[in-house]
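Trainee: Input: one structure, supplied below.
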Amino acid sequence: MNIEKFTTKFQEALSERQSLAIGKDNQFIEPVHLLTALLNQQGGSIAPILTASGVNVALLRNELKTELNKLPQVIGNGGDVQLSRQLINLLNLCDKFAQQNQDKFISSELFLFAALEERGTISDILKKCGAKKEQISQAIQHIRGGQNVNDQNAEESRQALEKYTIDLTARAESGKLDPVIGRDEEIRRAIQVLQRRTKNNPVLIGEPGVGKTAIVEGLAQRIVNGEVPEGLKNKRVLSLDMGALIAGAKYRGEFEERLKAVLNELSKEEGRVILFIDEIHTMVGAGKTDGAMDAGNLLKPSLARGELHCVGATTLDEYRQYIEKDAALERRFQKVFVDEPSVEDTIAILRGLKERYEIHHHVDITDPAIVAAATLSHRYISDRQLPDKAIDLIDEAASSIRMEIDSKPEPLDRLERRIIQLKLEQQALQKEEDEASRKRLEMLEKELAEKEREYAELEEVWKSEKATLSGSQHIKQELDTAKTELEQARRAGDLAKMSELQYGRIPDLEKQLEQAETSEGKEMTLLRYRVTDEEIAEVLSKATGIPVSKMMEGEKEKLLRMEDELHKRVIGQEEAVDAVANAIRRSRAGLSDPNRPIGSFLFLGPTGVGKTELCKTLAKFLFDSEDAMVRIDMSEFMEKHSVSRLVGAPPGYVGYEEGGYLTEAVRRRPYSVILLDEVEKAHADVFNILLQVLDDGRLTDGQGRTVDFRNTVVIMTSNLGSDLIQGNKDESYSEMKALVMSVVSQHFRPEFINRIDETVVFHPLGKENIRAIASIQLERLAKRMETRGYELVFTDALLDFIGEVGYDPIYGARPLKRAIQQEIENSLAQQILSGALLPGKVVTIDYANAEVQARQ
């Protein structure tokens, strides 16, 4: 018999039955080998046909296995196997049936016909498992769809819809889809387009995360509930699985063949199916090779004729990039824009989804948590869309509470560690025989017994609290299942089941849930099971670094004493410290304008008076790290073209993909201190970029993304007017500021100066300030030496001397560092290296007899 006359699937089964016979040491390949291979074949026709015709497939597998084990085994035949006479007869019978059906190729389902026709073991097994010729014939006709087998790959293109699509209406019927709240206008618009005679294909366009896929799920739910116009009733919504369609298409034309099979099956459905293609831009160019058609071109004829009801979904950027380029494809779709929902709509959506998340995480989600998720995500997460970002916050906060419930509470964990520690100590003391050890052992055993009793009591409380929680969650799950069953009964018109559920089971479960929640309401000592607005704020703070959680008493105290903290490192400069501290306090108290940066300052003053030091101190105060400061030296932006380095190169230029120096830093750390050092040295065009940062707290980078500056403190430093500050240091602060501002207004444009919150003029440092700074600098030196094992002590005489030597009214505090290096550090280094100073002893550094002396 010519093997080429069989379909590809049948050929695969024939080769599989041979290896099955060899593996079992059978001399002949029997029909039982072939039926086993066909039944186990992935993507084959036999298993679906048998299931559809009411055959017990599990029993059939067992019977075939038993029959295989009965076959005689021949050891040492060198792997030589032959077809049995019975199998040859069955294959010839398959050929005969193929000719009767006018098939060009022999398909695998004909083997079932042949097996039932011919008397023998295989026929008996099939009949025993419930196979009837008429039912199998009907199942074969249904799976063939009235078509002949004219192609060797005919079997692979069958049941294409089952293989390559997901039935959303079936999922909606079984209650597996999340409820869709709101979005009535968009769903109505999509239905309106679907009702058209031709080009009845809406494409949902919107930003990622606004709920495009949810609209199609909402449509599927409405179809299931019968809440659609007559033209859409009883239709199915199928989602095309592009991954399954492309996966495994090895040969040229295989992908097109699969897609064509899907389209053919859809045309047979005669408009009873709505095909949903998520990420529809992937169709453009999918399967495209040299000379081959892509998926988009295969879809065009069906879309234009109205044979294919298709709903697409894609983002604005991808629609522009892929679909708008192909005008012929674009004209076949009707655009439906999906906007981001408002905060109020998002709250309604979250309230609808709340129950699903409560059941999944086994926690309670409070209403303040829902409101906080919508409002806080809208304000602080600017690069993503509602409701997606709000749902993420709820999901993660619920997950963190669930993790706490599942893990051992902290008091229990602490006690357990203490008990282990005491037991180890007990083991060690039991070996000792002196009186002191025995007394210690007695005390220890007493403490151990007390701790173990305490642990047992706490563990009991923990277990009972966990049991209470799991009880209410179990009732919630049962209630959810009952509600789904009620919907299914309503659709099926089963009035008896509806009344049983609606007036019996559901009220009973609701009563049980109320009782369980009442017992939960009693204060729990160990477990937190409620997601509140505080948990939402915590999750947001971890994700963005922005402190939005309620302030602890410690933090309130810290903010009230902020000036004292800043003055520990910044000496003098009362006005500057007050201005910065007030801006931070306004922000944390929630009083600052939400659409502008926390604060924007221009620090003016001579060199070395503490302008940059104040920024570092502020970063350390806010973030416990000086690295949280984004420092940009504006002297690097003296040329006009260097402006692009701040926001990123425009398209077509080198470095376009890298992003901007300023914008990327703020995108990664939205809550930071931005220091623009020596701002007057930058090109005038740089200030045009800063205008929108200072006014609206936003900046668009080279790639068109909007970067949020609303949670940053923008500080610019400048030396403008420093000569006036030096010359008029004895005048009042307001007079000196007026003089300096006249110079500043000549250099900067009025619109730039007008947008700055506060311009702060720094005073020149006096001798007493320099002495205080010397004390701070020497303290840092002492800390550095401490790591090497040396303890440094400085005398007042030394401080006076360093303050005198390091004082320079023109250069501020910077000469002080040089004075410390030359007068102290150089001689210290020599003495340490020579061995004159040894670690572990106090080193006193003094100024006497006109020289600095270090002694131990």
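Including glycine, each Cβ sits where the backbone N, Cα and C put it.
From Swiss-Prot, here are the annotated features:
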BINDING   G206, E207, P208, G209, V210, G211, K212, T213  ATP 1 binding site
BINDING   G605, P606, T607, G608, V609, G610, K611, T612  ATP 2 binding site
COILED    391-523  coiled coil
DOMAIN    3-146  domain 'Clp R'
REGION    83-146  region 'Repeat 2'
REGION    159-340  region 'NBD1'
REGION    341-545  region 'Linker'
REGION    555-764  region 'NBD2'
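How buried are the listed features, and what sits near them?
Mentor: According to its DSSP assignment, T213 (ATP 1 binding site) is helical.
The Cβ neighbour count for G605 (ATP 2 binding site), using a 10 Å radius over every protein chain in view, is 26. Mapped onto three states, the DSSP output places G605 (ATP 2 binding site) in coil.
Residue counts for the domain 'Clp R' (3-146) by DSSP state, with H, G and I taken as helix and E and B as strand, are 93 helix, 8 strand, 43 coil.
Averaged across the region 'Repeat 2' (83-146), pLDDT in this predicted model comes to 77.
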Trainee: Cβ within 8 Å of the ATP 1 site centroid (G206, E207, P208, G209, V210, G211, K212, T213 excluded): which residues?
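Mentor: In sequence order, the nearby non-listed residues are T315, V338, E340, Q385, D388.
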Trainee: Which one is it: of the binding-site residues G206, G211, G610, which Cβ has the fewest other Cβ atoms within 10 Å in this structure?
Mentor: G206
Trainee: Does anything in the same chain, at least 6 positions from E207 (ATP 1 binding site), have a Cβ under 8 Å from its Cβ, and if so what?
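Mentor: Sequence-distant Cβ neighbours: T315, L316, E340, Q385.
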Trainee: For P208 (ATP 1 binding site), identify the closest of the binding-site residues P606, T607, G608, T612, judging by Cα separation.
Mentor: T612
Trainee: Same chain, not part of G605, P606, T607, G608, V609, G610, K611, T612: whose C-beta falls within 8 angstroms of the C-beta centre of the ATP 2 site? Give them in sequence order.
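Mentor: Here the nearby residues are F603, E613, T717, F762, G812, A813.
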Trainee: Of T607, T612, which of the binding-site residues has the most Cβ neighbours inside 10 Å?
Mentor: T612
Trainee: Nearest to G605 (ATP 2 binding site) in three-dimensional space, by Cα, is which of the binding-site residues G206, G211, T213?
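Mentor: The answer is G206.
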Trainee: I'd like the Cβ neighbour count for T213 (ATP 1 binding site), meaning other Cβ atoms within 10 Å of its Cβ, all protein chains included.
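Mentor: 16, counting other Cβ atoms within 10 Å of T213 (ATP 1 binding site).
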Trainee: Using P606 (ATP 2 binding site) as the reference point, find which of the binding-site residues G206, G211, K212 has the shortest Cα-to-Cα distance to it.
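Mentor: Minimum Cα distance from P606 (ATP 2 binding site) across G206, G211, K212 lands on G206.
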Trainee: Using DSSP and three states only, what is K611 (ATP 2 binding site)?
Mentor: helix
